[in-house]
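**Q** I have a structure I would like to understand better, so I am pasting it below and will then ask my questions one at a time.
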Amino acid sequence: MTQMTDAKSGITTEEMKFVAKEEGMDVETLKNLIAKGYVVIPKNVNRNTKPVGIGDNLRTKVNVNLGTSPDFIDIACELKKVEISNKYGADAIMDLSTGGNLPEIRKEIIKNTNLPIGTVPIYEVGADAKAKYGRVIDMDEDLIFNVIERQAKEGVDFMTLHCGITKQTVSVLNNDPRKMGVVSRGGAFLTAYIMYHDKENPLYKEFDYLLELLKEHDVTLSLGDGMRPGCLQDNTDRAQIQELITLGELVDKCREKGVQVMVEGPGHVPYNNIEANMKIQKTVCKNAPFYVLGPIVTDLAPGYDHITAAIGGTLAAVSGANFLCYVTPAEHVRLMKEDDVKEGLIASKIAAQAADVAKGHELAWKLEKKMADARMKHDWKKQFEIALDSDKPRKMREEIPSKDEKACSVCGDYCALLMVEELGKR
């Protein structure tokens, strides 16, 4: 049984009750959304995961990516990133490790958080194939599905799988070349496999078998966008749309089998094209939850891509995206460090909150009203408690204090609020 099959059968699970309470929503309404496939609750039956709802009519959620690379392997560092994710309000974590003992790293990450954990299994497949055969492209079907099954048994809650990269998709890419080709790592593995062997993508060819594996453990399928644009010039091209059409067809198959599914979206999109991309996806994929990376709205800001992504993420969430994958200042430059994780997470949470306010979400507005009340009362402690990041503003206030404990050092004696407040008392 999965959350979706239970919902279709009219069964109210404990996870549904928890999410409904968290979202301030009637549980029957939530159950109906899950039954239709408009909301997912990624929770593997083998793990005690905190239930998190992702989809329409819910708060916008934020994911943190972390993980090792062949150039930097430090489990302690990754666990520190997990700690930061827990502390600053991530809704999910993806382990994208490609260096070191991948099962051991994943085990430690899972052990140190109760947040939903996602992976991209093809990374481990590629690492295993390289170790065994010397090349990633020599991976085979057995290796692919063995890794997926092993990760499902370990408790992974959602998996990014690039099932929409097919021989047809690759043909479209070759006939309509783009500036930066394939920038998705998992997408590149499978594109290279198809081109070298002239074989169909096993994840697409054996999709029914894949669904059986995922359904057994109630792993949510996150359909990866292997043809996402890697620069603004490539946005919304034929390869991207061809893959999206295939993903829409696969969403239908998931729903027929009762497998929870969400769809991943583009990474580099000009601001004026974001709304159209969201509406195309929501239409083609019939309101499946949409998971976007950014989108990044300019390619000119390496070192500041947490900002470019937050700008794009706000509009994306207002226009239909349900799940924002954070982007850190290190994007396009190096592996993220602990501080990068915090900066990226807070930036994406700002985008999510701004979007939820724009959509009129009641819980988002309650927080805004609480902050306004605290500021009006000069209650600095309360302001910091409500803030998305309590530590930074508290430290900043201590650095240059005001002589008046109610004011701040910007205005001091000339505080507008205090001035009008004093006049009102006379």
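Just so it is clear, glycine is given a Cβ too, placed from its N, Cα and C backbone atoms.
Small disclaimer: the values here were computed from a predicted structure and weren't measured.
So Swiss-Prot lists the following for this protein:
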type    : residues                                                                                             : note
BINDING : ASN65, MET94, TYR123, HIS162, SER184, ARG185, GLY186, ASP225, GLY226, MET227, ARG228, GLU264, TYR291 : substrate binding site
BINDING : HIS268, HIS332                                                                                       : Zn(2+) binding site
BINDING : CYS408, CYS411, CYS415                                                                               : [4Fe-4S] cluster binding site
**Q** If you measure CYS415 ([4Fe-4S] cluster binding site) to GLY226 (substrate binding site) at Cα, how many Å is it?
**A** 53
**Q** So, three-state DSSP: helix, strand or coil for ASN65 (substrate binding site)?
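**A** ASN65 (substrate binding site) sits in a strand per DSSP.
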**Q** Among the binding-site residues ARG228, HIS268, HIS332, which residue has its Cβ surrounded by the fewest other Cβ atoms within 10 Å?
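**A** Lowest Cβ count within 10 Å among the binding-site residues (ARG228, HIS268, HIS332) is HIS332.
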**Q** Find, for the listed binding-site residues TYR123, TYR291, the residue with the lowest Cβ contact count at a 10 Å cut-off, counting only other Cβ atoms.
**A** TYR123
**Q** Counting Cβ atoms within 10 Å across all protein chains shown, which of the binding-site residues GLY186, GLY226 comes out on top?
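**A** That would be GLY226, with the highest Cβ count within 10 Å.
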**Q** Cα-Cα, whole number of Å: GLY226 (substrate binding site) versus HIS268 (Zn(2+) binding site)?
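**A** About 13 Å separates the two Cα atoms.
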**Q** Between the Cα atoms of SER184 (substrate binding site) and HIS268 (Zn(2+) binding site), find the distance and write it as a whole number of Å.
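**A** Distance (Cα to Cα, whole Å): 12 Å.
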**Q** Of the binding-site residues HIS268, HIS332, CYS408, which sits closest to ASN65 (substrate binding site) by Cα distance?
**A** HIS332
**Q** Excluding CYS408, CYS411, CYS415, please set out which residues of the same chain place their CB within 8 Å of the center of the CB atoms of the [4Fe-4S] cluster site, keeping sequence order.
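**A** For the [4Fe-4S] cluster site, the extra neighbours are SER402, ASP404, ALA407, SER409, VAL410, GLY412, TYR414, ALA416, LEU417, LEU418.
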**Q** Per DSSP, HIS332 (Zn(2+) binding site) is which: helix, strand or coil?
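**A** Looking at the DSSP assignment, HIS332 (Zn(2+) binding site) belongs to neither helix nor strand, so coil.
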**Q** So if I draw a 10 Å sphere around the Cβ of ASN65 (substrate binding site), how many other Cβ atoms end up inside it?
**A** 22
**Q** To the nearest whole angstrom, what is the C-alpha distance linking ARG228 (substrate binding site) and CYS408 ([4Fe-4S] cluster binding site)?
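**A** CYS408 ([4Fe-4S] cluster binding site) has its Cα 46 Å from the Cα of ARG228 (substrate binding site).
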**Q** Could you state, as a whole number of Å, the largest distance between Cα atoms of any two of ASN65, MET94, TYR123, HIS162, SER184, ARG185, GLY186, ASP225, GLY226, MET227, ARG228, GLU264, TYR291, the listed substrate binders?
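**A** So the binding residues stretch over 20 Å, Cα to Cα.
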